Amino acid sequence: MSNRFAVILAAGKGTRMKSKLYKVLHPVCGKPMVQHVVDQVSQLGLQKLVTVVGHGAEMVQEQLGNVSEFALQAEQLGTAHAVDQAAGVLANEEGTTLVICGDTPLITAETMEALLQQHKEAGAMATVLTAYIEEPAGYGRIVRNENGHVEKIVEHKDANEKELAIKEINTGTYCFDNKALFASLSKVSNDNVQGEYYLPDVIEILKNEGHIVSAYQTEHFDETLGVNDRVALSQAEIIMKNRINRKNMVNGVTIIDPSNTYISADAIIGSDTVLHPGTIIEGNTVIGSDCEIGPHTVIRDSEIGDRTTIRQSTVHDSKLGTEVSVGPFAHIRPDSVIGDEVRVGNFVEIKKTVFGNRSKASHLSYIGDAQIGEDVNLGCGSITVNYDGKNKFKTVIGNGVFIGCNSNLVAPVTVEDGAYVAAGSTITENVPSKALSVARARQVNKEDYVDQLLNKKKS
């Protein structure tokens with residue numbers, strides 16, 4: 001196999017997005033568009049990948065890291081000019097170069113591989129990725145010769161009646177013989193209304209020199225969608241969402257209502273897990289097998305163990321063990337580690353806490369900056385008082401501890417193994433192992449007080 005290279009065009013301003021965010025960094029199913037493209041082209045066995053950047057170059061470089069080399073297009077003078085900025089990296093290389101736009105997040109490695117194979121089999125100097133659509137208005141038409149090769153690409157505004165009837169269109173993705181590509185770029189003129197250098201002109205140059213220009217027609221037009229505004233962004237989101245949901249269902253995940261379930265592109269979900277409507281799974285979340293998630297649950301960048309149930313709750317940047325029950329209406333905030341067989345009930349908030357196996361906080365509790373042992377019961381209304389207005393402090397609760405309802409644990413404080421805290425207590429000092437701590441005012445009953453009070457009011 002000859003050397004393979006790729007150039008991703010990611011320098012456009014994205015004016016129609018009307019956004020401060022660089023166009024190719026707009027997310028589709030939680031991942032920036034250009035990252036989708038890079039992840040797919042990286043599966044093609046490339047020797048070099050060059051991303052052409054312009055406005056917001058630093059942000060794109062930060063997103064992609066060392067996966068790609070970069071070339072700067074300081075002034076946007078057209079697609080041919082953009083590719084030419086990669087000459088410093090690629091011009092002297094022998095092989096085949098794929099050119100693709102960074103705003104086509106739906107393209108797949110399979111389609112690009114088929115394009116490259118067609119290019120090789122045809123012995124072509126250039127090959128165009130095309131698609132067939134019933135309503136091709138606005139697209140450049142592919143005119144083929146008697147051998148099935150590309151005779152020319154005609155823009156919609158320049159097409160005659162016969163050419164307008166053609167329904168095979170140019171998608172804007174190409175592959176070229178690398179040396180022929182960079183030799184031809186120097187011949188491209190900007191003699192047009194926009195005064196720009198257009199990459200399709202390379203096709204005409206190669207054709208006029210007698211080279212074969214081939215085409216590969218994909219059956220999946222939606223893969224070629226270029227995102228230039230928020231409308232197209234929403235279309236890409238829907239297509240990608242459906243693709244991800246279908247993949248998960250084929251792999252054994254039950255999605256009750258796919259139209260009302262969102263799964264990020266990088267999430268991994270085990271078989272026999274059930275996702276109820278309103279479930280949103282974001283980032284690099286990993287969910288085990290036999291789980292039940294939702295309805296109306298958000299999980300972001302978290303790891304969920306097997307046979308765990310999460311209902312009407314939010315989990316962010318945390319790790320949950322096996323057979324955990326969360327919700328309804330619980331909030332597990334970042335840097336929390338929840339053990340196995342734990343119960344986190346309704347209206348419980350946990351933040352930056354290690355929660356031991358088989359422990360439970362069944363309702364109406366806040367546990368922050370804490371270390372909770374195993375087999376602990378936190379009664380209704382248990383609160384770790386972790387913040388003094390300036391600093392955060394840690395609460396440590398040992399194994400087998402019982403915290404009664406409506407108790408405040410004022411950190412820094414430790415409740416040792418096996419201790420009990422009486423309901424209604426405010427604990428400000430450490431509690432020894434197996435001790436009962438009572439920190440509340442003694443109850444006083446005043447006999448006949450109400451009658452005396454009412455009689456006094458009447459007099």
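Positions of Cβ are set from backbone N, Cα and C atoms, glycine also.
Annotated in Swiss-Prot:
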{"type": "ACT_SITE", "residues": "His363", "note": "active site, proton acceptor"}
{"type": "BINDING", "residues": "9-12, Lys23, Gln73, 78-79, Gly140, Glu155, Asn170, Asn228, Arg333, Lys351, Tyr366, Asn377", "note": "UDP-N-acetyl-alpha-D-glucosamine binding site"}
{"type": "BINDING", "residues": "Asp103, Asn228", "note": "Mg(2+) binding site"}
{"type": "BINDING", "residues": "Asn386, Tyr387, Ala423, Arg440", "note": "acetyl-CoA binding site"}
{"type": "REGION", "residues": "1-230", "note": "region 'Pyrophosphorylase'"}
{"type": "REGION", "residues": "231-251", "note": "region 'Linker'"}
{"type": "REGION", "residues": "252-459", "note": "region 'N-acetyltransferase'"}
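Features as recorded by Swiss-Prot, highlighted on the structure.
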residue	record	DSSP (3 states)
Leu9	UDP-N-acetyl-alpha-D-glucosamine binding site	strand
Lys23	UDP-N-acetyl-alpha-D-glucosamine binding site	helix
Gly78	UDP-N-acetyl-alpha-D-glucosamine binding site	coil
Asp103	Mg(2+) binding site	coil
Gly140	UDP-N-acetyl-alpha-D-glucosamine binding site	coil
His363	active site, proton acceptor	strand
Tyr387	acetyl-CoA binding site	strand
Ala423	acetyl-CoA binding site	coil
Arg440	acetyl-CoA binding site	coil
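The helix, strand and coil residue counts that DSSP assigns across the region 'Linker' (231-251) are 20 helix, 0 strand, 1 coil.
Among the residues the record lists as binding acetyl-CoA, namely Asn386, Tyr387, Ala423, Arg440, the two farthest apart have Cα atoms separated by 22 Å.
Between the C-alpha atoms of Ala423 (acetyl-CoA binding site) and the residue listed as 'active site, proton acceptor', the distance comes to 15 Å. The number of other CB atoms found within 10 A of the CB of Asn386 (acetyl-CoA binding site), across every protein chain shown, is 23. Sequence-distant neighbours of His363 (active site, proton acceptor) (same chain, six or more apart, CB under 8 Å from its CB) are Gly345, Asn346, Phe347, Val348, Cys380, listed in sequence order. Asn228 (Mg(2+) binding site) falls outside any helix or strand according to DSSP and counts as coil. Shown in sequence order, Val128, Thr130, Tyr139, Gly140, Arg141, Ile142, Ile153, Pro200 are the residues of the chain, 6+ apart in sequence, with a C-beta less than 8 angstroms from the C-beta of Asn170 (UDP-N-acetyl-alpha-D-glucosamine binding site).
For the pair Arg333 (UDP-N-acetyl-alpha-D-glucosamine binding site) and Asn228 (Mg(2+) binding site), the Cα-Cα distance reads 35 Å. For the binding-site residues Tyr366, Tyr387, counting C-beta atoms within 10 A of each C-beta gives the highest total at Tyr366.
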